[in-house]
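Quick look at what TrEMBL lists:
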- 1-25: region 'Disordered' (REGION)
- 59-82: transmembrane segment (TRANSMEM)
- 89-111: transmembrane segment (TRANSMEM)
- 131-151: transmembrane segment (TRANSMEM)
- 158-176: transmembrane segment (TRANSMEM)
- 188-208: transmembrane segment (TRANSMEM)
- 229-248: transmembrane segment (TRANSMEM)
- 260-285: transmembrane segment (TRANSMEM)
- 297-319: transmembrane segment (TRANSMEM)
Amino acid sequence: MSDSEKEPLIQSPPRRERLASERSTHSELSVHSIISSPDSTGCKICPTFLTELGYKEKLTVLFMCLITFVQCLCFSVLAPFFPKELTKFGILFTYISGCFVAGSCAIIFGVLKWCPAGNVFLAMCFLTRGVEALAVSAHLTASMAVIGYIFKERASLAIGFIEIFSGLGMMAGPPIGGVLYELGGFGLPFWTLGGITVTLAFISCLLMPSITDDSKQSNQSKLAMLRSPYILCVCLVIVCAAYGITFLDPTLSLHLENKFHVSTLYVGLIFLAAPGTYTFSAPLIGWINDTCKQTNIIIVLGTFLLAICNLFIGPAPFLNIP
């Protein structure tokens with residue numbers, strides 16, 4: 001690997017600059033933590049209400065899955081291109097504009113109920129969620145750069161602290177969205193979420209410290225980066241971790257109700273277990289990683305525990321658990 005490939009996107013600021021921005025560090029972390037919560041909440045609000053549309057049930061589920069798939073596809077495909085755009089447009093501009101556009105798309109999504117039914121409505125759903133995914137990918141990519149710039153020595157702990165609010169967003173999304181839906185119908189949850197996100201974008205303009213990107217761009221292509229065994233391994237681990245959580249959404253509730261006759265209350269509590277554990281364990285894992293500097297061991301241990309837990313959820317037939 002050449003020297004240019006080893007250089008980070010953002011270099012650590014000089015000591016004097018770090019001391020000058022020390023007062024704004026806690027404000028920036030607080031703002032980004034709050035913004036992370038609406039992002040996560042939005043991911044949980046959408047599936048709750050699309051089933052209330054006037055289409056037949058099977059078609060509703062199909063298009064709900066397609067809309068979510070397009071959103072995730074746009075997020076996954078476009079996110080790798082933003083590291084290059086960070087130096088072109090500026091880190092703070094990418095961060096704030098991504099937050100603003102994502103909130104605006106959430107507001108627009110809430111008014112789609114007045115669109116003509118049929119193809120027009122579906123096309124607007126795909127377009128709105130796709131643009132929102134583009135904005136969120138820009139915002140999250142820039143946020144990682146901001147964290148790497150400000151919290152150079154304690155980046156893992158800072159990310160873990162921010163993930164607390166991501167977990168809270170995942171937990172709070174369904175109940176808060178349900179209450180807002182009962183109060184104001186389909187649009188109110190999205191208008192509320194979008195309004196909060198747009199407001200936080202303006203607050204970020206006031207509280208975020210100035211960031212100067214003096215790093216050099218690597219000429220290495222993105223496909224060449226994927227040939228790195230370490231990067232490929234980390235990508236696969238992230239996919240498995242996300243799969244381990246999300247594949248339970250459409251199957252676990254039916255499995256619990258049909259086979260174990262678990263009440264709806266306990267099903268909801270079981271679904272809170274994953275984001276709840278995620279919320280409180282993220283800063284702990286970040287602190288351990290910053291302290292011990294054993295990233296590979298933590299990744300292997302986490303993947304192993306994920307595999308063991310998935311064997312017991314079924315449970316796997318060869319375990320002979322009734």
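Cβ coordinates are placed from backbone N, Cα and C, and glycine is handled just like the others.
Predicted, not measured: the structure shown is a model, and the values here were computed from it.
Between the transmembrane segment (158-176) and the stretches 89-111, 131-151, 188-208, it is 131-151 that has the most C-beta pairs under 8 angstroms. Each of 89-111, 260-285, 297-319 was scored by its Cβ pairs under 8 Å to the transmembrane segment (188-208), and the highest score goes to 89-111. Take the transmembrane segment (131-151) and the stretches 89-111, 229-248, 260-285, 297-319: counting Cβ pairs under 8 Å, 89-111 has the most. The list of residues near the transmembrane segment (260-285) in space but at least 6 beyond its ends in sequence, with Cβ under 8 angstroms from a Cβ of it, reads 156-157, 159-161, 163-164, 166-168, 170-171, 245, 248, 252-253, 298, 302.
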